[in-house]
Amino acid sequence: MRISVLGAGAWGTALAMAAARRHDVLLWARDAGQAQALQRERVNTRYLPDHPWPDGLQATASLAQALAHARDGLFLLGTPMAALRTTLRALPERASAFWLCKGFEAGTGLLGHEIGAQERPQARLGVLSGPSFAQEVAQGRPTALVAAAADTDLAELAVQALHHDQLRLYTSNDVAGVEVGGAVKNVLAIATGVADGLDLGLNARAALITRGLAEMSRLGLAMGARAETFMGLTGMGDLVLTATGDLSRNRRVGLMLAQGLALPEVLARLGHVAEGVYSAATVAQRARELGVDMPIASAVQALLDGRLAPREAVSRLMQRDAKPEWGV
Ligand SMILES: NC(=O)c1ccc[n+]([C@@H]2O[C@H](COP(=O)([O-])OP(=O)(O)OC[C@H]3O[C@@H](n4cnc5c(N)ncnc54)[C@H](O)[C@@H]3O)[C@@H](O)[C@H]2O)c1
Ligand SMILES: O=P(O)(O)OC[C@H](O)CO
């Protein structure tokens with residue numbers, strides 16, 4: 001199969017490497033210098049150093065070439081959420097594509113499938129998500145992902161592209177559920193990073209993860225998702241990974257904020273996108289519109305906006321009235 005991966009960050013590169021073990025894969029980097037270096041060095045020194053490329057992977061800075069390459073194959077969109085709309089707009093009208101980004105679009109508050117319906121209504125589109133640090137996939141360590149699409153044949157195409165010994169693909173048709181899980185877990189990982197950075201303990205972390213999962217599920221159900229999706233890889237699975245794994249950029253944002261660093265300094269030190277920073281406001285916005293209570297996500301947003309200091313955000317959560325664990 002011919003596959004083009006658009007976006008040469010850590011995750012786009014890791015999946016391009018995985019797919020290239022069995023397919024003809026072209027990785028598009030928007031920066032010509034970066035594309036030349038990738039092609040020459042056959043390793044992504046900036047985002048995934050120490051992981052040499054398989055023979056089946058080539059790089060280009062020509063978007064036209066990348067679009068032609070997978071015209072009858074599969075596109076994997078590896079840009080951050082902020083660039084998903086423009087990337088979708090560049091695709092052929094009837095392309096088959098999965099995006100890899102996790103978040104809500106800042107400003108509009110839309111999920112990927114809602115942007116896809118606006119920009120490429122005739123294309124076959126889906127989302128690939130699940131608990132997956134790029135570095136571990138590049139190392140060939142076992143990982144499970146979910147390919148979610150309304151079109152079952154499209155989900156099967158993702159399986160053909162990526163399923164192999166170390167990378168296990170499950171399929172789903174709950175696109176909204178998979179996307180809500182991926183977007184909200186990033187915001188919650190900032191919260192557990194703050195709690196761990198303040199040394200609040202393992203009890204606090206378990207409480208944040210569990211109550212965060214309840215928030216994620218409430219929002220998802222209000223948006224038409226299915227409850228079981230939040231118990232799966234793209235819900236609980238990705239939340240546990242991101243909230244506890246120190247490879248997570250979102251968790252690291254929380255850890256650094258707890259040390260008292262200002263957000264611009266945190267982002268400069270990170271050097272990668274941390275989608276929770278950009279999705280927190282839109283999670284809160286969608287929750288407000290739908291009348292969904294999301295106190296942890298709201299506290300993270302207040303922290304990122306500079307309205308609360310890390311310890312104040314924690315106090316705000318602890319001072320809430322007692323209530324039943326389930327129900328209103
Ligand atoms: N890194 C991971 O482990 C991982 C795993 C699963 C999902 N994701 C998701 O994948 C998405 C990308 O993450 P990443 O880790 O690869 O980010 P990254 O910070 O490593 O790289 C981002 C890349 O996107 C490129 N980019 C930014 N704007 C662009 C544009 N307008 N057009 C083309 N390219 C553009 C940058 O040049 C850079 O190469 C995020 O939504 C992230 O949440 C990441
Ligand atoms: O490093 P993070 O926090 O962006 O998380 C990466 C992946 O989404 C984990 O599944």
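Here the Cβ of each residue, glycine as well, is placed from N, Cα and C on the backbone.
Remember, TrEMBL labels are computer predictions, not curated facts.
Checking the candidates ARG168, ARG249, ARG307, ARG311 against TrEMBL: the one annotated together with TRP11, ARG30, TYR47, LYS102, ALA134, VAL273, GLU275 at the NADPH site is ARG249. Taking all protein chains in view, 27 other C-beta atoms sit within 10 angstroms of the C-beta of ASN250 (substrate binding site). The 6 Å Cβ screen around ligand 1 retains TYR47, VAL273 from the binding-site residues TYR47, ASP238, SER248, ARG249, VAL273, ordered by sequence position. Ligand 2 lies under 6 Å from the Cβ of the following binding-site residues, listed in sequence order from ALA8, ALA10, ARG30, ARG249, VAL273: ARG249. Cβ neighbour count for SER248 (sn-glycerol 3-phosphate binding site) (all protein chains, 10 Å cutoff from its Cβ): 24.
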